[in-house]
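See structure below.
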């Protein structure tokens, strides 16, 4: 039975690797309650979300009906939150649906375009509904990005290498794109050409942003999530790197985001903006 003093949480993508971690984290949070767990995997339907996650029964079966779950979240005295870890192909529609129902989305799924993010921000503002899009929930990644901003003031050459498991659908990663955007806000042009460049194979030197920052994506089994920032100057190389060894590292950021989104009335992009 729903506790009126707890934040009601809908977990979309509850059967995935990140979704299962979210189930465990929310189930263990004293101020939150899982009211719905959604997943499209037919093999999981009807099973207890907690049992699937490995944290014991939470008495919430996995369903494949996001709309009904959002309706359930609107019936609480405390405004509900939807956490989305699904797929790039569906995240825009999921997020827009949550806002339309007055349920505050916390989006960890990457792959949203800049145009889609701007549209969702406008939609959230019109609805006066808080929303969070977080490319990476790790506090360590926020520190990597902040250190990169400091380094970029003194280095004109930088490349980003992001490495993920081979089941990640989008490339570059949302974290790499966000990091490049943060560097671009410094207002400088990176990687001035020293020679006339020629790629024998298109894309050999990585994807290039408008500010001439190169991003390289690696997808291999055995990886989880990693990002390396390589800064270069005559006579020196400065390297920053963050490695994720377990998805549990994201959960403090997820729980913080669930709590913070209830205080917002617009869309915020990036964990660093709510810390």
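Note: Cβ is positioned from N, Cα and C throughout, glycine not excepted.
It should be emphasised that the depicted structure is a prediction, and the values quoted were computed from it without experimental measurement.
Per Swiss-Prot, these features apply:
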| type | residues | note |
| --- | --- | --- |
| ACT_SITE | 164 | active site, proton donor/acceptor |
| ACT_SITE | 168 | active site, proton donor |
| BINDING | 13, 14, 15, 16, 17, 18, 108, 109, 110 | NAD(+) binding site |
| BINDING | 165, 174, 175 | (S)-2,3,4,5-tetrahydrodipicolinate binding site |
Residue 17 (NAD(+) binding site) in three-state DSSP notation: helix
10 Å Cα neighbourhood of residue 110 (NAD(+) binding site): matching recorded positions from 164, 165, 174, 175: 174, 175
Nonlocal residues around residue 175 ((S)-2,3,4,5-tetrahydrodipicolinate binding site), in sequence order (Cβ under 8 Å, 6 or more apart): 110, 135, 136, 141, 162, 225, 227
Distance in Å spanning the most remote Cα pair of 13, 14, 15, 16, 17, 18, 108, 109, 110, given for NAD(+): 17
Cβ contacts of residue 165 ((S)-2,3,4,5-tetrahydrodipicolinate binding site) (under 8 Å, same chain, 6 or more positions away): 219, 220, 221, 222, 223, 224, 225
Proximal residue to residue 13 (NAD(+) binding site) among recorded positions 164, 168, 174 (C-alpha distance): 168
Spatial neighbours, same chain, of the residue listed as 'active site, proton donor' - Cβ under 8 Å, 6+ residues apart: 219
Largest tally of Cβ atoms lying within 10 Å of a Cβ, found at which of the recorded positions 17, 164: 164
Residue 108 (NAD(+) binding site) versus the residue listed as 'active site, proton donor/acceptor' - Cα distance in angstrom: 15
DSSP state at residue 174 ((S)-2,3,4,5-tetrahydrodipicolinate binding site), helix/strand/coil: helix
Non-site residues, in chain order, whose CB comes within 8 A of the mean position of the CB atoms of 165, 174, 175 at (S)-2,3,4,5-tetrahydrodipicolinate: 110, 135, 136, 162, 164, 168, 170, 173, 176, 225
Secondary structure of the residue listed as 'active site, proton donor/acceptor' (DSSP, helix/strand/coil): strand
